[in-house]
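Visitor: Please read through the structure below; I'll follow up with questions.
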Amino acid sequence: FKGGDTCEYLLSSGRFLGEKVWQPHSCMMHKYKNSEAKNCLIDKHVVFIGDSRIRQLFYSFIKLINPQVKEEGIKHGNIPFEDKSASIKVDFLWYPEVNGSMRQRIKSWTEGSVAKPHIIVVGAATWSIKIHNGSNEALAQYKVNITSIAPLLEKLAISSDVYWVLQDPVYEDMLSESRKMITNEKIDAYNEAAVRILNSSSRNSKAKVKVFSVSKLIAQETIMKSADGLHLPESSRDTNAMILMNVYCNKIMKPIDGSCCQPQPPLTLIQKIAFCFFTLSIIGYLIISLIHRNNYRKNKSCTDLESGEEKKPAISTPNVSTLEILLHCFCKLGLIMTYFYLCDRANLFMKENKFYTHSSFFIPIVYILVLGVFYTENTKETKVLNREQTDEWKGWMQLVILIYHISGASTFLPVYMHIRVLVAAYLFQTGYGHFSYFWIKGDFGVYRVCQVLFRLNFLVVVLCIVMDRPYQFYYFVPLVTVWFMIIYATLAVWPQIVQKKANGNCLWHFGLLLKLICLLTCIYFLSYSQGVFEKIFSFWPLSKCFELNGNVYEWWFRWKLDRYVVFHGMLFAFIYLALQKRQMISEGKGDPLFSNRVSNVLLFISVVSFLTYSIWASSCKNKTECNELHPSVSVVQILAFILIRNIPGYVRSVYSSFFAWFGKISLELFICQYHIWLAADTKGVLVLIPGYPMFNVLVSTFIFVCVAHEISQITNDLAQIVVPKDNSTLLKRLLCIAGFFSGLHFFSAMQDQSRH
């Protein structure tokens, strides 16, 4: 552990991902938009001092503020820039040599009450080499001049950000005859002198001149594309400007995907309380374990020395108490949450930006598909969408989504559109599964509702507390929670229509269809009435759950994107169960679902539909337009997959135990990836082992999957305790939960007040 100063890494080291994407060592760089740059630099004065290379950097920097700026200034003179809307001043001062003139200008800012620039970027050397024909005397004079300037820069660094830009290498073969004396050997000598002299007299870390050496690394990779062998290509100098912006602005703007130069966020009041709770749980569990161990030793069978017979203990070993199970669960959860915090809130582990390549996405996909096929077993039952099959479906979809996230494949539109279908398929299963349960069982009791809500939301609530994130941030859980409540309300509201009642009178089927039509009408109305939707979810306490960045637009967008697919899942379940009840489908082992002719026709239609959707999704050119069509057409590929998977008897009779295992913990995998597999709230990738990308992915993935599996077990254990079957006990627990959330809201309000 080298410490948390990621600014040092940002300014000095990194590598290219592909040809144009720069990856600083250990941290993530944010790509600043014009509006963000203006907000950061409002009322600021920035000065660039140096030669033509610094002038290039100056132009790239001001284009981050105003992209319309053209490079039309005087080549060998000062160039001012001002953005009056944000009161930003950026000046380029032409001082191509480190000499008395440059020293005098810098000295003027250190004297009296003269307004000092907030950011000063200095660098020069190539003119000294050129004018003096690369002589050793010029280098010696350069050292003397920097020695006289260094104390002034250090004095300015107390109140301003001062950067010394080291000289980039040149491409000697392309240099003109008048620049042939500028060699990389000479440049290295000048850079070495600057680094040795700067900060040599400074003992105060605040008075430190920051050495901007990363541009050397960037130039080494790109100088061959230079037009004259001396000046960097535009993409490289834009990267340097973006690095400068990150160094200064990240600590002000605190972008999620800009971990470089960001200090560790302070612990909130709620986080401190959570830390104390988990600490007490660990201590409590250790105390109870020690007591039980001592009791076990005392009561352990021992040999009677006189008779040689074994005595039985007078007291039998007690069963594990509810308190011990609770403490054991919270003990494990506390250790796991500590790991979460260290990975994505403390500056302990490194984070890197994602970078998409086709191979980084498709090779792992092929690999897991081969593994999935290898672990093929017979199903216990051969019904359509039986438990093993749905677990398998969730499992392979979850693995594909995970690979999609870590590879950054969202930038490739055809992959994005197919992943949207997988997310829709999860919601389809939500509609299918919950409708089937309520329709067949007719169980609308509070116990069932509380069990489902607890299992869906437990991990997310804990993460909201520990990671200081709003509920809506983990958007998928609010989505399935709301849809579960909609399904429950649709079927539970009077008249309650279930299979048992409908079997007695066919008219009840029409009553249920009428309910579904009403649901579809409401969905359609809300999807085209953003104002009404936002008003509904802006009321307290719903607003506390569904607001993100002060509004519910993100929630509306997420809900609207897959608005019909849960309804499609409910309708499919109704039709399938009706056909099953009338024995119109054959679900025997090895039997096709329908007659051979019908099965073949449906299979052909399904394959054509599946491929047609893939062709359409792959030809998408505009994400917004495709997202508009997605809610209506995603069901085509979902239904096609279900029919292909279930019509042939043999295919329906087998499943992949490999995928099914992951399917059982798919919700935990989806949520845990936010912080312990990805990083910076999914914007980057967690780096536990720097320098070895493949090994890092293997190690972090192993830990991530183990943690998700453990959390799944903890959730199941706690669900049995927190949500008991006895109604009177359940009511008491619900009152305790209401008290917990009231306390959470109270502390959250205190926290917000202290922040403001």
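Every residue, even glycine, has its Cβ placed from backbone N, Cα and C.
Sharing the record's features from TrEMBL:
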type     : residues : note
DOMAIN   : 22-72    : domain 'NXPE C-terminal'
DOMAIN   : 253-734  : domain 'Cas1p 10 TM acyl transferase'
TRANSMEM : 269-291  : transmembrane segment
TRANSMEM : 325-343  : transmembrane segment
TRANSMEM : 355-375  : transmembrane segment
TRANSMEM : 396-417  : transmembrane segment
TRANSMEM : 452-468  : transmembrane segment
TRANSMEM : 474-494  : transmembrane segment
TRANSMEM : 506-526  : transmembrane segment
TRANSMEM : 561-579  : transmembrane segment
TRANSMEM : 600-617  : transmembrane segment
TRANSMEM : 659-677  : transmembrane segment
TRANSMEM : 689-709  : transmembrane segment
TRANSMEM : 730-750  : transmembrane segment
Visitor: Near the transmembrane segment (396-417), which residues from the same chain, at least 6 beyond its ends, have a CB less than 8 A from one of its CBs?
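Guide: Distant contacts of the transmembrane segment (396-417): 354-358, 360-361, 364-365, 368-369, 372, 423, 425-426, 617-621, 623, 626, 630, 656, 659, 662-663, 666, 669-670, 673, 677-678, 682, 685, 697.
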Visitor: Looking only at residues six or more beyond either end of the transmembrane segment (659-677), which have a C-beta under 8 A from one in the stretch?
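Guide: Tertiary neighbours of the transmembrane segment (659-677) are 339-340, 343-344, 372, 375, 388, 390-399, 401-402, 405-406, 426, 455-456, 459-460, 463, 467, 474, 476-477, 686, 700-701, 703-705, 707-709, 711-712, 715.
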Visitor: In this predicted model, what is the average pLDDT of the domain 'Cas1p 10 TM acyl transferase' (253-734)?
Guide: 92
Visitor: Which stretch, 269-291, 452-468, 561-579, 600-617, tops the Cβ pairs under 8 Å count with the transmembrane segment (474-494)?
Guide: 452-468
Visitor: Summarise the domain 'NXPE C-terminal' (22-72) by DSSP state, stating how many residues are helix, strand and coil.
Guide: 22 helix, 9 strand, 20 coil
Visitor: Grab the same-chain neighbours of the transmembrane segment (269-291) for me: Cβ-Cβ under 8 Å, and only residues 6 or more beyond its ends, written as numbers and ranges.
Guide: 323-324, 327-328, 330-331, 333-335, 337-338, 465-466, 468, 744, 747-748, 750-751, 754
